[in-house]
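Colleague: Per TrEMBL, the feature transmembrane segment maps to 31-49, 456-476, 488-508, 552-570, 577-599, 611-628.
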Amino acid sequence: MAETTSYFPSKEERLAEYNKARRQERKLNRLVPVVIVLSWVIGIAWTALHPVVSVVTGELKTRGAYIDENGLDVHRHRVRSYPLQRKASTDGRARPSPSMCDALVSRGILPSLVKCIRHRATENVSFDVARVLPSIGPVVQSTEAIVIVVGDSGTGQDRDWYERSDLHASVFALVQRLSSKEDCPWLAKAVYFVSPASHGSGDDLTSVVDAFTASYLGEKFDNAVRHLPPDLTFPMIRSMLVLKEVETDQLDRSDVRILPQGPQGLLPNLDLVFATYLSFQSYPAEKKWNRSNSIYYGNSEFRAHPFATVLEDRVTSAVQPLLGDWVGQTQMTQYARDLAGMAGFVAALVLGPTQPHSSALRHGVDALTIQVGIPGDSSPMSIHPHYADFTRCLEHLIRSISNLHERLHHSVTQYTMPSPSKFVSHGEYIFPALLVSLPMIIRASALALRDLKRFQFAYAGAVVLAVFVASLTISLLAHLEALQDRSWLAYAVFCSAYFFAFAVSRWAQPSVSKVGSTDVQQECQNSIRFVACLYGVYCHAPLLLANYSLGFPSATFWSPMLAVLAPTSLQMKRRIGVTAFISTSFEVLFLAVTLPPFLLVGRIFEQYTPYVLYCYTPLHLFLAILLLR
């Protein structure tokens, strides 16, 4: 029988192993901050590269145009130019026709071709609805529809609808052409034209789109909504285009904005956005045409965000010192413009302004707003060439999306756009988004692996309960509309909630002897830091996947706050005299400036959103406890 021997390491060997483990731990402690800072910096730099390089594909460009395989190629057809002269009334009326329906009839469009009604959806909102059905189409009745909402400049409400603006005159020509089987035999979907009626204070585009969507789909809108007649609402709305006419301060340049941004990060399918932009790039069917009459090839600017050019000027002034000596002026200007465009696109999703088509997006309808500002005054006899070409491009777009193959339709719905001709898809920007969130993940993992045995479960549980009680109290008062932006009651409620959470964090701390107090306090600090980082990760994971425009700036802010700037050791907070007073004063001032009613509500968000109540406020409470313990 073999004998077994046992080996017991000597005291010197155990000491050597202990010292080796300590050295490895010190190396890890030095490595963690480096990895945290490096990942955050790489995420920011990667994001800044989006306008010029696709890191995932390795190409020195962003993604170009996107067209879904079920959509028609927008370059395969041409549309004839639209008239530049206005059409006179044919019914001999002396009085003007202030509504779209009257204007259509007075200029010869038969009711048998285009059905048009005035619909009063609510007491404050009414609109005209004109329907154009395919004149030559499939045997089965058209089951899909395209909606075009025609905005109003807001001037001359008592004038004839047709003569009120060049946009209205050109849209009239579009209705006339779509209703003709000789001009548009390709039409396969019903097309609805909606125009606000001057009635009360609810004739703005947002109210009209909300009311039309509710009337068409049969849903409630604010108060009792009157539904449209059933014979008008049988097709399914596939796409909605809102035409918004604005004044421009440019003397010789047209300004076109293709705005897909919706509420809470909602966006339409990307193929609709690019079909719109590529339609503007199309040429008229005539062999000879005046280039200056084209809204795209003439003197015009196209953007995918609603903000003024001051954003581009500021980004250019910031980029100039960094890249001015490395790249040419043209490349630097283009990069700054695209970077500002991407920032404006993201800001429009988070900050607004709310676009008129938002209600359609909430109901699952692909929709976008086309905002156009063309210089010059309206003429009683002629139409501005850019308005005529704008409507030609609109017909081109309708033909591009007028097909019957959308039952299996799929596209990209998560993207950002540096410009109307470029996009950054979800597969591109999710990697830098994860990198800026990595500091919270690394910090939480390091604390869990290293200090799990010393985790203060009772203390952390009490603090977490206090934080969520305070957050839910604030949320309840916000839902009851008791909190107004930057009111004295809002500040009082937040200060009381913060005082409650901080008092619980002091009360729940374990009582220990002076000899072991520092270690226990450090364990409590690490426990709260772990919970804060973990909650930050779980908050931002769905945000980054579903609403990148909000999730990326939030993760960029909270990652360094929780993983770097909050003190990792109580030794860092041992200050005396003037140093302690100055440090504490700066911490209190920072917390006051970043308080939700001061920083967010009223400045960034119009109201207390779920992000403010359930993500930002709890994280801010955790940060306050970490800083002021």
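Note that Cβ sites are derived from N, Cα and C of the backbone, with glycine treated the same way.
Help me picture where these features are in the structure shown.
Modeller: Long-range contacts of the transmembrane segment (31-49) within the same chain, counting only residues at least 6 positions beyond its ends with a Cβ under 8 Å from a Cβ of the stretch, are 55, 339, 429, 431-436, 438-439, 442-443, 446, 552, 556, 559-560, 563-564.
Same-chain residues lying 6+ beyond the ends of the transmembrane segment (456-476) with a Cβ under 8 Å from its Cβ atoms: 483, 493-494, 497-498, 500-501, 504-505, 507-510, 520, 523-524, 527-528, 530-531, 608, 613-614, 617-618, 621-622, 625.
When Cβ-Cβ distances below 8 Å are used as the criterion, the transmembrane segment (577-599) is approached by residues 483, 485-487, 490-491, 494, 608, 612, 616-617, 620, 623-624, 627-628 of the same chain, each at least six residues removed from its ends.
Listed as Cβ neighbours of the transmembrane segment (611-628) (distance under 8 Å, sequence separation of 6 or more from its ends, same chain) are residues 463, 467-468, 470-471, 474-475, 478, 497-498, 501-502, 505, 525, 528-529, 531-532, 535-536, 539-540, 543, 550, 554, 558, 561-562, 566-567, 584, 587-588, 590-591, 594-596, 600-601, 605.
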